[in-house]
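Asker: Here it is: the structure, laid out below.
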Amino acid sequence: MDQKTTGLRENYGHRRQPALGKAMPVTALLLNLESNPLDYSRNDIGAELLEDDDKPPQLFSVTDEPPSPNEEDYKPPNHHEDDGKLAGERHREIPCSNCLKTAPGHLIDRQSAINEMCQRLCGPECRRPQGLTLDGVRQDFLRQYEIAEAVAKTSAMTSTVQMKQRLAARKLEFEKEMEMDEQLGVASPRNDINLGQSSTVAATGMGEFEFEPPRDLLLYLVRMGSFNSAPKINNVDSQDDGLVLPSGLSTPALLQHVQQLRGGGIEQPSLLTRGFLKPLLADEDVADGLRCLKLNSVSRVCSAPVEGDDIRLLQWNILSQTLGQHNDGFVRCPEEALTWEHRKYLIVQEILQNQPDVICLQEVDHFKFLQTVLGSQNYAGIFFPKPDSPCLYIEQNNGPDGCAIFYKRDKLQLQGYDTRILEVWRVQSNQVAIAARLRMRSSGREFCVATTHLKARHGALLAKLRNEQGRDLIRFVKQFAGDTPLLLCGDFNAEPVEPIYATILGCDLLRLGSAYADVKLDREEILHPNADVGEFVAKSMKREPPYTTWKIREEGEECHTIDYVFYTPDRLKIKNCLDFPAGEQIGKNRTPSFQYPSDHFSLVCDFELLPPTENGKESGSGSGSDGENETEVEGSKHGSIQ
């Protein structure tokens, strides 16, 4: 290799190869045609182009002269035999009469060239196959059809024009759905909200009129975000195997320890300060009757309440390390702030300083680390990965990402849990859910907690897909929880104006409310809203926080609410919620940053578990494992428990 070539390759780096010569046409790639590299490349990089350099490469060998009859290896030409096969072709066809008549004069004696020209320019309908059986014709047709179908799919998924046509068609379908609902007298869950892409409530919709997209399009949508064109790298969660923590550390001591580890002897920016929406005690450092921690150097939040039937829930998308560092494109976040060595200790601080009883996490791809650290503080965890996590298509991944639930073992007892891969129109998607039944050790009362992470990306089709995932989620949690009080939380990737929000709040099977929307309301107003479903959802939507995620990516700045904590109002009383930092606190570069490890903010809610009503039942029927204590509950078919 000459010096020019070597220099060019060095400039491109080890992952990217320089493109020399002409590119092979897409049709040739679909036909699996092998090209001769000698016909494409030049070693005289930087030299003047020759006259032949602008000519397209020859994908088929065309001989200038036919073999002489006097040669020993001469065989009479037989155009019915295959001496130059295409993929999917079993025979050599005779050129059609048009090509024989209109062929240029210099090609008259070159039958192979005329034959190739005919195959390129003419369809099979104008040529008569020779010497083929019916079975051969059928197989050739099927193979040609597969090629045409592959080209059509590629065009359908990449064409901007066709994408607009599909979205326009979906808009008409949504309008048709609403017209049918009105004609049939089906009440819309949000009849006073102009969505443009609304949908009926999950469990009460008219199934026989539901739109179901073509299966090919559906499979494309549910897998969108997984890098299927790249090789899959099935790594396991092993990057934190060497983690060693001092034994017997209390929570304050552990927080101080991780602060020192994060700084490495150098002072680092402190975690963002946050407060609760309702005022707490004036002196947060008083430990009389409360398990409060002296955390003013970290945050001004108070630890979990000590009343026997109070529950503190922390919901958080912690940002997958693999995706955040290698794929999500946080253009304003310093590279060092995205490293796992920096982020993991901030994640621990954000969780432990709030002292939650139940922790629900999404985008977890370092479960062993959390299991080790939180396990030292008497938490136990359940993890369920995505079936086709996009992390697995990125080099140096730490295994798949998924959802996790942790619970405080000295306060709560695991009675059973279940996991599910959410389905969309009876097709498994790439999103998952976990549900767990927990029992209060102090009173014996039970409640269920469920978490999920719905499909990301914008657009009417994806909003409809999320809504269908929500319907399947409702069926799953209702079957598991029965009449037990329910906490349903997660990253729903949908703003309140999307159909999934109304689907969950308007579902008569669950009768849920939104914790952050209800926290400042009177108890009576929550239990008796005096409004129909549409008005109830509209009011709740307006009371949601302005944002739960605030980030800057390559495509622009995103600031919206897509994370929620839903609860059963008649059995759980919302007492307080952790507020979100203001824009000036976050900084102009937004999140993630040196002061916050994720692009989502954690949601922290305090609930009081109420005694059952006269018509209610303390525990409902549901699926999952049952046992007397958490050590007797084994892992489900898909999940893992530690």
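A Cβ is built for glycine as well, from the same backbone N, Cα and C atoms used for every other residue.
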Asker: From the candidates HIS106, HIS600, give the one listed by Swiss-Prot for the same substrate site as GLU363, ASN430, HIS453, LEU454, LYS455, ALA456, ASP491, PHE492, ASN493.
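Answerer: The one candidate that Swiss-Prot places in that substrate site: HIS600.
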Asker: Quiz question: given the binding-site residues HIS453, LYS455, which has the greatest number of C-beta atoms lying within 10 angstroms of its own C-beta?
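Answerer: Max Cβ neighbours within 10 Å, all protein chains included: HIS453.
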Asker: Measure from the Cβ of GLU363 (substrate binding site) and count the other Cβ atoms within 10 Å, all protein chains considered.
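Answerer: Excluding its own Cβ, GLU363 (substrate binding site) sees 25 Cβ atoms within 10 Å.
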Asker: In Å, how long is the longest CA to CA span across GLU363, ASN430, HIS453, LEU454, LYS455, ALA456, ASP491, PHE492, ASN493, HIS600, which the record gives as the substrate binders?
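Answerer: Max span of the substrate binding residues, Cα based, is 21 Å.
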